Amino acid sequence: METTPCNGSGDSSVIFYLMGIPSLPKSLFLPIFFIFLLLYLLILVGNALILVAVVAEPSLHKPMYFFLINLSALDILSTTTTVPKMLSLFLLGDHFLSFPTCFLQMYLFHGLNCSEAFLLVVMAYDRYVAICRPLHYPVHMTPQTNAALAASAWLTALLLPIPAVALMGFCIAMVVSFFPLLLVLLSYAHILASVLRINSREGRSKAFSTCSSHLLVVGTYYSSIAVAYVAYRADLPLDFHIMGNVAYAILTPVLNPLIYTLRNKDVKAAITKIACPQETKDTGNPRLRGAIPSSLINTTAQSK
């Protein structure tokens, strides 16, 4: 990224020149634009579906899903701070970014990603209370407590990114992100110890299954950070640095909705109910009869 004066005269305003992917031929700008546009639409649609499903389905009005919609909102906002400008660059050749716009973009991007890191900590704490202290769960995870925990994670967006943005320090942002990882690992150390004390194999499997989606999201989030950090620190061509940052910005928001819809039956059922309401209501539909045991259908017919 290069800085140039706004004009050649007395105006000392600074603008940033966005290089994009330096070695990418201009003939590939349009295909890359459509790839990033598709990824951005997947992020918007996938996370919006989770938001609507959790809000509309009463059975999902639980702390775990309350934190999930906060995570979806963060993913939408964090990608919206960067991806539209990226799309504008590849489609329109819009390489320039004013200093105030760049500063605001960095502030929001680092802030929202810090919030996501701390929200993952809150979600780990929720799983810790549910598994290690199940009898105390309704007392600890009240709506007021959940709102306070979520608000605390969001407030980090206003406070923690200030040093990273003021010093333009990528490493500072990484340190801020890795501190929550220690808290997540601490929570799961307690969870693992508690699960191993469960005698039944079925009980252990059920306990682990409640954590699997969150663990995959944590793994994806910190894997993308690791890729970005290695690309930043290693002596690699500039294109690798840029692609590492792209992975950090896009990978997790794309995968989060897939993880929670594919691995969570409740969320999947709620989204299906919204997307295909007629099919979920009309059990007499021929397409659904194959999923209903024939003995049950016959029994129902005889009772009538």
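If you go along the chain as it appears here, the first residue is 1 and each next one adds 1.
Yeah, the Cβs are placed from backbone N, Cα and C, and that goes for glycine too.
From a predicted model like this one, the values you see are computed outputs, not experimental measurements.
Per TrEMBL, transmembrane segment is recorded for 28-53, 65-87, 107-125, 146-166, 172-193, 214-232, 238-259. What TrEMBL lists as domain 'G-protein coupled receptors family 1 profile' is 46-260.
The list of residues near the transmembrane segment (65-87) in space but at least 6 beyond its ends in sequence, with Cβ under 8 angstroms from a Cβ of it, reads 18, 33, 36-37, 39-40, 43-44, 47-48, 50-51, 54-55, 94, 97, 105, 108-109, 112-113, 115-116, 119-120, 122-123, 126, 146, 149-150, 153-154, 217, 249-250, 252-253, 256-257, 260, 266-267.
On the 0 to 100 pLDDT scale, the domain 'G-protein coupled receptors family 1 profile' (46-260) averages 84 in the predicted structure.
Long-range neighbours of the transmembrane segment (28-53) within the same chain, counting only residues 6 or more positions beyond its ends whose Cβ lies under 8 Å from a Cβ of the stretch, are 21, 60, 68-69, 72-73, 75-76, 79, 83-84, 86-87, 90-91, 93, 250, 253-254, 256-258, 260-261, 267, 270-271, 273-275.
Within its own chain, the transmembrane segment (107-125) has Cβ neighbours under 8 Å at 64, 67-68, 70-71, 74-75, 77-78, 81-82, 149-150, 152-158, 160-162, 164-165, 173, 176-177, 179-181, 183-184, 187-188, 214, 217-218, 221, 249, 252, counting only residues six or more beyond its boundaries.
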